[in-house]
Amino acid sequence: MEIVYSDMETSSCDYSFSHTDDEDSRSSLHPASPASSCGKPPASPAGLQQKKRRRGRARNETTVHVVKKNRRLKANDRERNRMHNLNDALDALRSVLPAFPDDTKLTKIETLRFAHNYIWALSETIRIADQKQGKSRDGPLLLPGLSCMADAPSPGSDSCSWPSGASSSSSSPSYCNSDPGSPAAMDDFGYLQTDVVYSYRNFVPSIY
């Protein structure tokens, strides 16, 4: 009886060993997934793609935000530099404008208006000087009273006499009728310039 029991135990052990070999082969053919081992269902390919898209969107939004911030900072720097250059140019313009003390503060528009009027006054002065220079080249280089005396036909003639009721002759020049002592005759070159300077100075008190 002992021999029979021992044979049965040996056969049962062999059967158990063969069963474990079958289980090992099955486990090697079908490996367990990490999700199933943890008790979670496996993720589908569609879910993985959605996660990748979300990550890409988050990265894109972050990049766009950084780019917008950099552009805004660069635009602010450009505007700041432009205003600094404009203020420097206006300060240089104020330094060359006349009739203003050093402590006078002018706004931008007042500085530009005053510079416009100052340039206009200078251009008018140059234009009047050119006109007078052209007239002096055409006519005799003498004062009005002296030219009248030089063009007189005779000392006793009435053609160049000063205005005393007698009519002038046709041979006398047109400027013989002016009084040599009058400001219009002596300051013929400067009376228009005086008007220009007067109109220019009328602008100065309105700025203060």
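Glycine is treated like the rest: Cβ placed from N, Cα and C.
Model, not experiment: these values are computed from the prediction.
What Swiss-Prot says about this one:
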- 1-62: region 'Disordered' (REGION)
- 8-18: compositional bias 'Polar residues' (COMPBIAS)
- 70-122: domain 'bHLH' (DOMAIN)
- 159-180: region 'Disordered' (REGION)
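When the domain 'bHLH' (70-122) is classified with DSSP, helix, strand and coil residues number 42 helix, 0 strand, 11 coil. Computed over the domain 'bHLH' (70-122), the whole-number mean pLDDT of the model equals 89.
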